[in-house]
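Student: Once you've had a glance at the structure underneath, I'll fire off some questions.
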Amino acid sequence: MEADAPAGYRDPSGRHGAVTLPARPEPIAFDADTTVLIVVDMQNAYATKGGYLDLAGFDVSATGPVIERIAQAVAAARAAGIRVVWFQNGWDPDYVEAGGPGSPNWHKSNALKTMRRRPEMNQRLLAKGTWDYALVDALTPEPGDIVLPKPRYSGFYNTPLDSMLRARGIRTLVFTGIATNVCVESTLRDGYHREYFGIVLADATHQAGPPALQEGALRNIETFFGWVSDVAAFEAALSSDEARRIPA
């Protein structure tokens, strides 16, 4: 392996991907046909005033530009032939999937705690079929995209994500969405433990909590679990001559 070769999956012959993305801590290479763009939980609950995070006391005022950059990343991915995976976090209207007092989720979920404090919000927060659960209007899945519900922070927990990725030969996961320090990081970590290469487009994510949590999550990811880049670099890498080259 060349000393200056980018990080990323290599096939049995040692060939790395045709797309090289500038990233921290080093560039990473991937092929479009073995990569997916994952959009994590871009629901009204997490990105819109009046949604769960807002009602629970988290600041969602800066999510507008994040939504715009996710839309850019989705458009770039589709143009390059990269499949898009959308996650929606939540539970059935009776919250059976959320777990009862015997589950740590019952004790730690801020949505469940908010509804216990405010009973009038019951069956309105993160319940399937509600406005809160729905994706924001500006981001719409298209035919060919994959849309998956998930009942916990990680997109690998109790979902078919892993089998769907392996069936398609996917090796690289590019992440956008909310919240960087919760569901994005949890899913990327679980992907790392399953031998997937994880990349976060930092400016297409947003934290739940103060800005220091965004910085800490990204630092943790680039140091231990994956790579960190941005939407402009992703767009430029996908439109490069090298990216258009068909491997021999």
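Any Cβ shown, glycine's included, is placed from N, Cα and C.
Copied straight from Swiss-Prot:
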ACT_SITE  Asp41  active site, proton acceptor
ACT_SITE  Lys150  active site
ACT_SITE  Cys183  active site, nucleophile
Student: Can you tell me how far the Cα of Asp41 (active site, proton acceptor) sits from the Cα of the residue listed as 'active site, nucleophile', in Å?
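Tutor: Here the two Cα atoms lie 8 Å apart.
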Student: On the three-state reduction of DSSP, what should I expect for Asp41 (active site, proton acceptor)?
Tutor: coil
Student: Relative to the Cβ position of the residue listed as 'active site, nucleophile', how many further Cβ atoms are located within 10 Å?
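Tutor: That number is 23.
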Student: Select the most exposed residue of Asp41, Lys150, where exposure means the fewest other Cβ atoms within 10 Å, treating these as the active-site residues.
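Tutor: Result for the active-site residues Asp41, Lys150: minimum number of other Cβ atoms within 10 Å at Lys150.
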Student: Which state, by DSSP, holds Cys183 (active site, nucleophile): helix, strand or coil?
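Tutor: Going by the DSSP assignment, Cys183 (active site, nucleophile) falls within a helical segment, counted as helix.
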